[in-house]
Amino acid sequence: MNNESIANLLNRGTLQEVSAHLSNDTWEPWKLSVTEVADKLAVDPSVGLDQREAQLRLKLFGENQPPDRKRRLKWHQFVLHVVTDPVIFLLIAVCVLYLLWYNGMGALPVVLVVVLTLGTELSIQWKGNLTVDTFTAEIPENVLVVREGHERIVVSRKLVPGDIVIVSYGQRVPADGILINSQHLRLDESIFTGGYHEVQKYTSNEPYEANGNLVSSGYLYFGSSVVQGKGVLIVTATGKHTRLANVKSSTIYEDKKTPLQALTRNVTLCLALLALLVSSVLPVVGLLNGIDWHDALLTGMGMAFVLIPSKLPSLVNAILIVSAHRLSQRRLLLRRLDATEALGSVSAIVTDKTGTLTCNELKVASAIVLTRPDRQSPESFQINCRRIPVTSSKDIAQYLLPLTITWTLSMDQFASDMLFQMVQEGHGAGPAHSSPLPLARGIDKDVFDSAIFDFFSSAEIPVEVQRYLIQSALLVFSKFPVPISEEPFDVVNRVSFRTRGSTRNRTSGSRITVVRGAPESILDLCNRIWVSGYERECSEFDENHPPQIDPDMLNDVEVLTGYITSKLTESINDVARKGSRIFGYAYSTSAHTEGEELPRDFIFVGAYVFTDPIRKEVPHAVSECQEAGIKVVMATGDYPGTALAIASKVGINQVASTEQAPVLLGRHLDEMSSGALLGEAIERTDVFARVTPAHKLRIVQALQSQGHVVAFIGDGIKDATALYAADVGITIGGAAATADMASDHASLVVLGNHFDAVVYCLREGRHMFDNMNKVVTFYLACKLGLASLFTLAIILRASFPLNLVQIILLEMFVNLGSAITFVVERAEIDIMRIPPTLVNQRGVRKGHLGSAIGRQIVFYAALLLLSTGSSYFYGAMYSAQEESAATMLFVSYLINHITLGLAIRSRRTPIRKQGLFSNGNFLMWFALVVSCILAYIFLPTLRATLDLTTLNQCEWLVILTGALCLLIVSEVCKELCWHYAKREKERRDDHRSSERAPLLI
C-alpha cells in the first residue's frame, strides 16, 4: 500500500481506490505503529468513526463475514451426483434392456419406477442439504464499539476498517485489528495453530512484528478468543480480507459425515457386496433349472436393485435432518449434526450451577462482618450476618461502611470514574425516594459488582444512607486515585486483586491492595480483621454536610485469631447451607509486586452474601433425567455448602449435609492420581465443589472411562475444554448469555434460558435413535424376507416367484414407506422411562447394538417370510392357475409389508397405547397400498400388464390370515416387553436411593 492515507482518498471520493488498497496483499498494519495505523485509517481512537462514515465504509468494504468453507454443489451438479449413483445406473440399465427385449408397454412400469425413484432421491437429498445449512448456522454476535465518542453495541458483521472495538473475557475477536490498549490480555489462537495456543498481547507505539507473527504481538486476528483480560483495538481488516478468511479459502471442504452416517455407509457397502453375490447366484441357479436367460438376467438385476440397501444412508440422513428441524423449532441451535446421535445415548449429565441450574441473577441479601459493640472491651467480638434492610439507618451505615469502602477500591477505572461522576453531578441529592445510582446498569461490571450496584440503587437503603456510604467510600478512594496493577480472577485460588496508589510512581507514595473472592481463600491471606464499631457517630447523614471519615478508620483492626477464624467459618457455613453465595473482601497496605505471590498480611473486611434463585423448571427436569436412567452431576466452583444446598433443592441430592451426602472438592480430585480410583469415586458422587475447569474436564473424562456417554452443560469460556471433550456440549442462553468461545466449542446451543430444553434435547435424541432403529429394521427385514423367499422358491420349485416388474413395484412401496413413515414417527410414551442406549464414537452400541438390531431384523424378516411364504406356497399347491402363486405372493407381500410397518412403528409400546392413527404419513402410505389393491381388483388392464390374475375368497382368506398372524405375534411380544419394563422401572425406583453409598470428605 502506498503512503497516501485513506483519509485523503475518502476526501477525494475515490472509494474504489480505497477498496483496492485494503484488498492488496501488501497491506501489513503490524509493520506500522498504532499512531500510523490510526492516521491511515482516518480515525481518532478516543472518538471512533461517526455513523455516516461507518455506513459509507460498510457499503465500500462489505459485511464482516468471511467466505463459507463448505463448497455447496449447484443444482445441475447435484442432479448429476444423484443420477450417477451405481444403483440408479443399474435400474436404468434394466429399463434399457427391457425396452430392447420386450414390448414398450411392458417397460412402462420400469420407466415409471425409475422416474419416481429419481424424483424422491433428489427431493430428500436436496432438502436435507439446505436444511443442514440452516440448522448449523452461526449465532449472530454483538460487539462493543466506540463511535462518535460513545460506546455502542453493533452486530459484528457491521464492523468496518477503522472501527474501535472493545473485547473482553469470553469474547471472540470480531475482526483483524491492532491493539491500542490492554489489561492483562491473553488470547487463544488455536483456530490457526490446531492446538490450544494461549498468547499474551501487549500495546506499544512502535511497530509490533516485522513479519506479522501471531506470537507476542499486538495484532489481533479474527476468530481468536479472549481467555483473560480486556483490550481495545482498531479494526484493520474485515470479512474476506482477514487472516481467517485466507485460511478458510485454502481449506474448503465437503460436508463431513457423522459417525452414524459413516457407519451406515460402511454397512451399506458390505450388504451391497453380499446382495450382488446373491443376485448373481440366483440367475445362475435359474439357468440351471431351465429358466430363459433373458428372464434370469433381468430378474437377477432386479434382485440386485432390491437387495442392495442403497437408500439406507439417505434414510438415516433424513432422520437426522428431521431431528435437527424439531430442535430448531424449540430454539435449539445445532452446531454439529453428529450431536443428535450422541443425545440419544447420554447416560450422564455434568452441569455447572451458576447460570444453568440457577438464574445468575444475584441479589445482595446480607453481609458478614466482625463487630465490637463495646469499644472499651477488646473481647466483645460478634460475628454478624444481618439481613438487609435493618431498622436503624445508623446501623446500616456502620454495618456496611467497611465493605463499601473496600468494594469501591476494588473497582476498575471505568466503574470508579462513573461513580465519581454520578456523585459530582448530585445524583441522590434530591427527594428521599430518588436513587444516587441511576446509571449503575450502564457500568461495565461483573455479576457481583452488578448486584452491589443494584443493591445501592434499590429502595432497601434510605437515600441518605446511600449517599453517606458512597461519599465516604469515595473519600477513601480519593487517597488512592492511581491504578497500579491488577490480576484477574484466578480459577485455582479463586481470588482477584487490584492495587491502587497515591501517586503514579510505583516506588513512592502509599498503596492499597484489595483482594476479593472465595471467603476461605481470602481468610488464608489474612492475619488481621477489620472491626466495625457501632458506637461511631453518624451525624454525617445531614445532607448539607459531607461525611467526615475517621483518619484512623483503616487502622481499626484486630489480630485474626484461630477462634475468630473458626467463628467466621461457622457463620459462612450456616449461610452457605441456605444456598447463598459468599464473596469476601480484604485489603493490605503493604507493597506488592505484580506477578509475585500475594503476602499473607491482608486485613479481612467481611463478605457480601448473595442469593441466586433456582430456575423454576430445574427440579422437574432433573427428576425426568433421573427417571430416564441418566446420572446428573453438578460441578461448580462455589462453596461446598452452597453447592450441596442447591443440589438438594433441585433433586440432585436428597439431603444437604456433608456427613450424609457424597461430595468431592477439587483438591480431592487432585489427590486421586489413579484413573480407576477417580472413576469409582465419581460414580458414587453427584456434587463437586470448588472445582476448576481442569477438574471439570477430568470429571467428564472419568465418566467416559466408566462407559458413560456424557453431556456437559456450561456457559463460560473456561468451560470450553469440557464442552469440547464431552460427547455432547451444551450451552444455555445463546449469544446473549454465553461466552463466544463456549458457544464455539458447544455442539448444541440453547437460545432460550430454560433448563428443561436440555430434557427435550435428550428426548429428541432418543426419539431419533428409536426411529433410526425402526427404519433400519423395516428396510432390511423387507429385503431379507424377499431374498429368503426367492431362495426357497428356486430351491423348492425351480422358478422365480416374481417377475422383474413386480419386484421393482414392491421395492418402490418399501422405499416409499421407509422414507415417509418412520422418519416422522412420534416418540413412544416410555421414551424417557427406559435406560439410555449407550453408543461409542463409531455409533455402535456398547454391548450388543448390532446384534440387537440384527435380532430384530431376523425376527421380523422371519414373520414376513412365514406370512408371505404361506400364501405363495398355498397358491402353488392348491391353485389351478400357474399365475395364482405369483399373484398371491405379490398381493400378500403388498399387504404384509405395510402390516410389518404397523408392527415396527413402536419397538416397545403396544399399538393400543401408541395409537393407530397417530402417524399421518403412515395413513397416506396405507391409503396408497389400499388404492393399489383396489386398482388390481377392478382394472383388468393393470392385472394383465403386471402378469397377475384374480384371487378367490379362500386365497384372500389365506393372505389376510397371514397378515393378521404377523401383527398378533408382534403385539404379543410387545405386550410382554411392556409389562417387563414396567416391573423393571418399579424395581429401579425402589433401589435408586440405596445404590449410592456415602463418601466421606
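Using the three backbone atoms N, Cα and C, a Cβ is placed for every residue, glycine included.
What TrEMBL says about this protein:
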DOMAIN    28-102  domain 'Cation-transporting P-type ATPase N-terminal'
TRANSMEM  78-101  transmembrane segment
TRANSMEM  107-124  transmembrane segment
TRANSMEM  266-288  transmembrane segment
TRANSMEM  300-322  transmembrane segment
TRANSMEM  776-798  transmembrane segment
TRANSMEM  804-824  transmembrane segment
TRANSMEM  857-878  transmembrane segment
TRANSMEM  884-904  transmembrane segment
TRANSMEM  916-938  transmembrane segment
TRANSMEM  958-978  transmembrane segment
In contact by Cβ distance (the transmembrane segment (884-904), the transmembrane segment (857-878); 3 or more pairs under 8 Å): yes
The transmembrane segment (884-904) in contact with the transmembrane segment (776-798), cutoff 8 A, at least 3 CB pairs, sep 6+: yes
Recorded stretch, among 266-288, 300-322, 916-938, 958-978, maximising Cβ pairs under 8 Å relative to the transmembrane segment (776-798): 300-322
Spatial neighbours of the transmembrane segment (958-978) far in sequence, C-beta under 8 Å, 6+ residues away: 830, 860, 863-864, 866-868, 870-871, 874, 888, 891-892, 895-896, 899-900, 902-904, 906-911, 913, 951
Overall pLDDT for the domain 'Cation-transporting P-type ATPase N-terminal' (28-102), taken as the rounded mean: 73
